[in-house]
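Taken from TrEMBL as is:
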DOMAIN    223-397  domain 'Calcineurin-like phosphoesterase'
TRANSMEM  7-27  transmembrane segment
TRANSMEM  47-69  transmembrane segment
TRANSMEM  96-117  transmembrane segment
TRANSMEM  137-158  transmembrane segment
TRANSMEM  179-199  transmembrane segment
């Protein structure tokens with residue numbers, strides 16, 4: 001009865017919150033609509049996490065008591081009847097463990113608040129710990145769900161074939177509590193490894209590209225440093241951005257392309273953290289096109305103003321012609337993010353035709369398109385006939401191992417270099433120089449891309 005009562009309360013709360021956001025989403029447009037959509041997503045996530053937290057708290061508490069404190073209760077289950085030593089053992093260990101689990105769950109739940117409070121030029125320790133707790137929570141939840149699905153499938157098969165001599169769910173003597181502890185240990189190890197990767201310096205990936213639009217007499221390749229998904233915000237600060245700028249300048253690129261998702265916050269809060277971008281040094285300039293995250297906070301035009309003051313060229317459905325040696329020419333184009341087709345933000349919509357207008361067929365053409373699915377749209381729409389290279393990010397290559405299959409399923413291109421034979425167009429997708437949200441990333445997936453474009457003989 002008590003369980004049914006709380007299920008009813010949870011369902012009612014869920015229905016009320018959902019109804020309120022449906023009304024708000026139908027009554028807003030543009031950036032306001034995106035904010036409501038994001039708040040709705042956060043509300044759904046929080047309500048889902050609330051149910052998951054109750055389950056995780058119960059399972060982790062139960063598993064700890066049964067495995068590490070097997071004699072913590074007397075035969076009748078009464079703690080007070082235990083000898084004094086066992087009683088204190090239970091109080092000092094089991095209750096402390098419950099407090100740790102509860103603190104971990106609370107930190108995971110409040111992690112999203114750090115996108116709006118305590119933002120400065122460097123991440124504070126509490127925001128990093130909270131966001132890391134969210135990453136650990138996601139691993140725990142996902143692996144627990146996968147185990148339960150597998151266990152339920154095995155039980156279903158057993159029930160359908162009761163005459164079978166062996167039982168899939170009893171092939172090993174491992175108990176459910178032992179599985180819970182194993183999942184916790186595995187999640188903790190993976191989350192710690194992901195934290196080390198996220199906090200380590202990015203790796204430089206060198207990729208050779210060949211273009212028929214460069215003269216064979218050109219002695220040196222055209223070098224483009226690709227930076228995507230910088231995500232300046234609660235877990236990415238000035239020190240990290242300075243390191244990225246330093247490593248990029250050491251490559252001595254001809255130009256730098258920033259293909260979206262620069263920041264997760266307002267210019268007023270994050271301008272000091274983003275300021276090192278003004279120190280990027282190139283021969284032909286730094287170019288920027290928006291990602292979906294540019295539209296999550298405030299007015300994207302504020303970031304445009306900041307970037308232009310840094311001498312960074314904003315490609316807002318537009319292009320620039322760059323004169324190269326040997327009478328060669330490069331058309332660097334950039335378009336608004338794919339998400340703008342849904343947002344209806346005044347003055348912002350993905351328009352590849354406008355972005356490429358004026359690019360000449362005989363010159364090297366490079367297009368910045370944050371989402372790989374946008375790149376696919378350009379190719380399928382017949383606009384990529386003269387485009388040599390499309391540069392994207394967005395996928396983070398899944399960021400965490402548990403999300404890699406999802407990213408693989410929903411994106412046209414995932415990571416690395418792709419070639420479309422029909423249009424003779426190449427697409428390069430970066431896993432991103434940083435990470436979004438939890439400071440956890442797969443090994444080697446924080447990357448600066450050093451693209452070297454050679455003539456195709």
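In case you wondered, yes, glycine gets a Cβ from its N, Cα and C as well.
Counting only same-chain residues 6+ beyond the ends of the transmembrane segment (179-199), those with a CB under 8 A from a CB of the stretch are 59-60, 62-64, 67, 132, 135-136, 139-140, 143-144, 147, 235, 400-401, 434-435, 438-446.
Averaged across the domain 'Calcineurin-like phosphoesterase' (223-397), the predicted model reaches a pLDDT of 94. Panel annotation: around the transmembrane segment (47-69), residues 10, 13-14, 17, 89-90, 93-94, 97-98, 101-102, 105, 108-109, 137, 140-141, 144, 175-178, 180-181, 184 of the same chain, lying at least six beyond its termini, place a Cβ under 8 Å from a Cβ of the stretch. Within the same chain, residues 42, 45-46, 49-50, 53, 56-57, 60-61, 64, 126-127, 129-131, 133-134, 136-137, 233-234, 264-265, 437-438 sit at least 6 positions outside the transmembrane segment (96-117) and bring their C-beta atoms closer than 8 Å to a C-beta of that stretch.
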